[in-house]
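What follows is a single structure, written as C-alpha cells, with notes after it.
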Amino acid sequence: MSSNQAEGLIIAAHGRHYTVELADGSLRQCFPRGKKNGPAVGDRVRITPQGRDEGAIEAVLPRRNLLFRSDEMRVKQFAANVDQLLIVVAVEPTFADDLTGRSLAGAWSADIEPVIVLNKIDLPNGLDAARARLEPLRRLGVPVIELSAQDHAMVHERLAPRLAGRTSLLLGQSGMGKSTLLNTLVPHAQAATREYSAALDMGRHTTTSTRLYHLPEPGGDLIDSPGFQAFGLQHLNGEQILRGFPEFAPHIEHCRFYNCTHRHEPGCGVLAALQAGQIDAGRYALYLRILDENAAARPY
C-alpha cells in the first residue's frame, strides 16, 4: 500500500458510490475505479483519498464470503464478510415461508449461519401457528429466537449476546418489525443515518440503502438492508442450490446415479427420504421451484 492510500470499511452502499469508514472514524464517499463488479457493505477496501471527504476505491481486500440475491435481470450483492444472517419474521402479519426458505438457502450456499428471529410474540393469537410453521426449520438446527422488538430488555437478553463480536446481516419483509428491532439494538441508528447524510450530502438515498452500524457494548456490527419481497437465487448453480438444502446431504450418497437431480430418477436417495417423511415436503417443493426458475432464467 502506497503512502497516500488508506484502508477502510464500507459501511453503506448507494448505487456506484460507497461510504467508507477509515481507522480514525472519518467518513469518505468513494467510487470504485473501472466498471468491474463493485464492493459491498462489509468489505474492507484500499482507497486513495481525494479532496476533503472523497476517495477512489483501488482494491477490495480478500473477503470471507459474499451474499447475493438475484432476479431475472441482474445479480445484486447484499453484503460481505458476514458471520450470520438474521431473518426477521413475525407472528403478524403472516410471513412468507417461500421467502424465508430462499433466505436460508442463500445463506447456506454462502457458508453464512442463518438465525431466525420470531418477532411480536406479545401477540398470542398467532404465536402457535407461527411456531408450527417454523418447526421444520428448527428440526434442521436453525436457531429460532423469540422476542418482542418493543421489549428492550427481552431483545438485549435474548438476541444481543448472539451478536457480540460478530457481523450480522438483518433481513426481513416489510411489516415484520425489522426497523423497530434495529432501533432497539442500535439506539443511534436514525441519528447516524442523518449524520452520514449530512456529512456526505447523500439526502434521501440513505433511507433505502444497505448500511452497517457498530453495536454498543458488548460490540459487533449489524448490517441493515431495505425490506424486501423477493429473494431470487438464479445466480446459484446446481451444486450451490444443494448446499442450501443441507438435509438432503445424508441421502444423496444413496442415489443410484452420480448426476442425480433428485427430481425423478430411479434409485434417488432424496426421493426415498421424502417418501419416508425424512425430508419436509414444503422444503422439497421449494427446491424444485428454485431449480425450475434457474432453468428458465436467462444467463447473466
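Note: Cβ is positioned from N, Cα and C throughout, glycine not excepted.
Residues or ranges marked as domain 'CP-type G' in Swiss-Prot (evidence: sequence analysis): 69-231. Here Swiss-Prot flags N119, K120, I121, D122, G172, Q173, S174, G175, M176, G177, K178, S179, T180 as GTP binding site, drawing on sequence analysis. According to Swiss-Prot, the Zn(2+) binding site annotation covers C255, C260, H262, C268, on the basis of sequence analysis.
The binding-site residues listed here are N119, S174, T180; among them, N119 has the most other Cβ atoms within 10 Å of its own Cβ.
Calculated from their C-alpha atoms, the gap between C260 (Zn(2+) binding site) and G172 (GTP binding site) amounts to 34 Å. Of the candidate binding-site residues, C255, H262, C268, the one lying closest to N119 (GTP binding site) when CA atoms are compared is H262. For the binding-site residues I121, M176, C255, C268, the largest tally of other C-beta atoms within 10 A is found at M176. For the domain 'CP-type G' (69-231), the mean pLDDT of the prediction comes to 86. Across the structure, G172 (GTP binding site) and H262 (Zn(2+) binding site) place their CA atoms 30 angstrom apart.
For the GTP site listed in the record, the two most distant Cα atoms among N119, K120, I121, D122, G172, Q173, S174, G175, M176, G177, K178, S179, T180 lie 19 Å apart.
Here the C-alpha separation of H262 (Zn(2+) binding site) and S174 (GTP binding site) works out to 34 Å. In this structure, the C-alpha atom of S174 (GTP binding site) lies 39 angstrom from that of C268 (Zn(2+) binding site).
The two recorded residues, I121 (GTP binding site) and C255 (Zn(2+) binding site), show a Cα separation of 42 Å. Surrounding the centroid of the Cβ atoms of C255, C260, H262, C268, where the record places Zn(2+), the chain contributes additional residues within 8 Å, namely I252, R256, F257, T261, R263, E265, G267, G269, V270, L271.
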